[in-house]
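Notes for the one structure printed next.
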Amino acid sequence: MLGALFVCLSLSSCSGVQSALDPAGLEASKVATLFYVMLAGGGLIWLGVVGALFYATRTGREPHSERSAGRVILWCGVIVPVTVLAALLSYAVWLMPNMRPWAPGGEGGLRRIEVTGEQFWWRVRYLRADGSLLFETANEVFVPVGERVLFVLKSPDVIHSFWIPSLGGKMDMIPGRINHVALEATKPGTYRGVCAEFCGPSHALMAFSVEAVDAAEFEDWIASRRAGRPAADPGGLELFLRHGCDACHAIAGTTADGTIGPSLTAFGARGSVGAGTLPNTVEDVARFIRYPDEIKPGSRMPSFGMLPEGDAERIAAYLKGLR
Amino acid sequence: MIVRWKHLIIGAVLLPVIGLLVGWSGLIGVGASSGHWAVTDWFLHWVMRNSVRTAAISVDAPPLDDPALLPHAAGHYETGCAICHGSPTQPRSEAVLAMLPVPPDLKMVVPTWTDEELFQIVQHGVRFTGMPAWPTEVRPDEVWAMVAFLRELPEMSAERYHEVSGLHPPPMEGEVSPLPITCESCHSERKLSASSLIPSLAGQSEAYLLESLRAYSEGERPSGIMEVAAGTLPEAALPDLARYYARQQRPQRPPLPADQALLDKGRMLAERGRPGEKVPACLSCHEKAGANPVYPKLSGQSRPYLERQLNLFKQGVRGGTSYSHLMTEAARKLTDEDIAAAAAYFAQRRVPSMP
């Protein structure tokens with residue numbers, strides 16, 4: 001009874017927005033299949049080993065003849081392991097080309113999304129076919145369902161690792177080189193990507209949202225991110241510019257064009273502030289503006305705790321209104 | 001008599017007790033009137049000179065021949081040092097001569113020390129003598145300026161001292177002496193030049209001036225010179241001072257010569273920054289229409305002053321207004337060449353005329 005409860009509880013944690021066992025992409029389902037095959041193979045081997053142990057301690061007490069001992073060594077030490085390992089290896093090698101395209105050049109026709117791991121957030125740049133920039137956003141990735149897209153992975157400072165467990169990955173982001181990973185979402189939904197390589201004090205506080213949507217919705221989203229609709233409160237934008245937030249942040253449709261920090265175009269449409277750290281509410285955004293280093297240790301954003309009463313809240317409300 | 005362990009132990013206990021008793025009795029004189037015994041005087045000076053000499057081994061003097069080092073050091077000398085050490089316009093008073101030890105006449109002693117030793121004395125002071133330490137330890141640049149001034153002091157005429165310190169000339173008979181050293185002694189636009197280390201205050205943003213004066217007097221912006229200058233002003237005078245300077249028109253001086261490549265690099269930094277290395281554009285906060293008035297105006301400011309401030313920001317010791325940490329972050333990745341370029345660019349940038 002208790003055992004069944006335990007199994008239910010542990011299995012229930014296998015689904016959700018960030019689970020490799022609940023795949024929503026081609027690559028992730030290959031990984032999941034590989035995992036289950038390996039689990040079954042490992043289970044069989046475990047049964048065999050435990051069976052042999054049981055046999056040795058309980059039944060077969062008499063010494064083996066030299067011939068039968070030789071036979072045990074031949075079967076259990078050579079034939080079975082070689083067969084099992086060869087089968088598992090062949091299966092894994094057969095899966096590989098599907099998961100990691102050998103030549104990135106061969107993926108030339110794919111839609112390209114450049115993702116850069118920063119300390120501690122994700123710079124996301126959608127590129128045109130010729131490699132020029134379509135638009136930049138941060139900490140959010142939209143992909144069309146049923147279309148394979150190529151992620152171009154970079155890092156300017158330290159090693160990060162790009163991982164969307166539900167879709168596939170992971171792939172390291174290494175300063176000085178460009179890595180590629182191609183992923184295809186098969187199920188629409190909201191997923192969560194994380195950094196899978198320790199990169200500094202806020203390594204655990206850099207996540208991004210992944211939305212797999214149908215083609216029409218995807219095109220709508222692209223248009224909204226390129227244009228950036230003006231928000232209702234121009235006073236908030238005035239304060240944003242007055243304090244120099246635009247030195248680091250860009251908002252499409254305004255004069256703010258800084259690229260040091262994350263782009264804030266359509267910020268209000270995002271689910272979180274601080275790369276998945278706090279919910280995107282006016283209070284939490286104002287808190288982040290005032291004390292970024294307390295919320296995300298090691299964050300490069302200086303604190304704005306000295307802003308006059310109400311300024312951070314007004315800027316937060318303005319950002320929340322950007323869609 | 002045979003000395004036993006017992007005697008040693010009794011001695012070790014008794015001697016401190018006797019010492020305490022002598023101290024308690026009040027028989028030791030601490031009056032300055034009687035002076036030291038000659039041998040005590042010799043010993044103390046011998047120890048002092050040796051200590052300074054040894055401490056100065058690890059100090060290396062920068063070039064000290066820049067005339068721009070003199071004015072702020074001279075002004076500070078008049079405010080803080082002349083009262084004990086005298087100056088070319090004023091000998092030490094009888095009261096000072098009754099101190100123990102007597103603050104030396106610098107004309108006589110400065111030539112006996114090296115630059116590094118003078119730095120050591122001015123930066124750290126001398127214990128048991130009344131010679132104070134420099135008010136901050138993060139501004140060796142100010143202490144070196146003082147060393148440069150001290151080098152010239154023994155040969156300095158009264159006229160030259162008046163000129164370089166900004167001290168008002170002595171009043172005519174029957175006149176009341178004006179305030180000896182004022183803000184104008186150093187910051188007067190007539191005294192400033194394109195190579196000054198002293199900033200021009202004219203036309204600076206009022207909010208920035210006020211916050212900076214407060215930061216100086218509260219020690220939030222470390223400076224031995226300005227902490228003393230601003231710290232002695234009554235709090236109520238600061239807003240008036242800030243307003244007085246903010247309302248003036250900053251003159252457009254011909255800047256120090258700079259080659260075009262450096263100016264172009266400075267303009268790039270000012271307008272675009274270097275986002276790849278997390279260096280934001282200067283103009284996204286400074287001199288932007290509608291910008292927070294606490295962000296200072298930089299155009300027409302002297303290049304050496306701007307360079308020094310950027311270096312202090314880069315070292316993380318500049319301090320200042322409650323917004324100054326933003327600049328610390330912005331200056332973190334600046335190279336020496338960036339600093340020279342940005343300073344050269346803003347020094348020659350057109351000064352906006354007052355409304």
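Any Cβ shown, glycine's included, is placed from N, Cα and C.
Going by TrEMBL, these are the annotated features:
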type	residues	note
DOMAIN	A:108-224	domain 'Cytochrome oxidase subunit II copper A binding'
DOMAIN	A:231-323	domain 'Cytochrome c'
SIGNAL	A:1-19	signal peptide
TRANSMEM	A:35-56	transmembrane segment
TRANSMEM	A:72-94	transmembrane segment
_Summarise the domain 'Cytochrome c' (A:231-323) as counts of helix, strand and coil residues per DSSP._
38 helix, 6 strand, 49 coil
_Based on DSSP, tally up the residues of the domain 'Cytochrome oxidase subunit II copper A binding' (A:108-224) by helix, strand and coil._
13 helix, 65 strand, 39 coil
_Same chain only, please: residues at least 6 beyond the ends of the transmembrane segment (A:72-94) with a C-beta under 8 Å from a C-beta of the stretch. Say none if there are none._
34, 37-38, 41, 44-45, 48, 52, 64
*Over the domain 'Cytochrome oxidase subunit II copper A binding' (A:108-224), what does the predicted model average in pLDDT?*
92
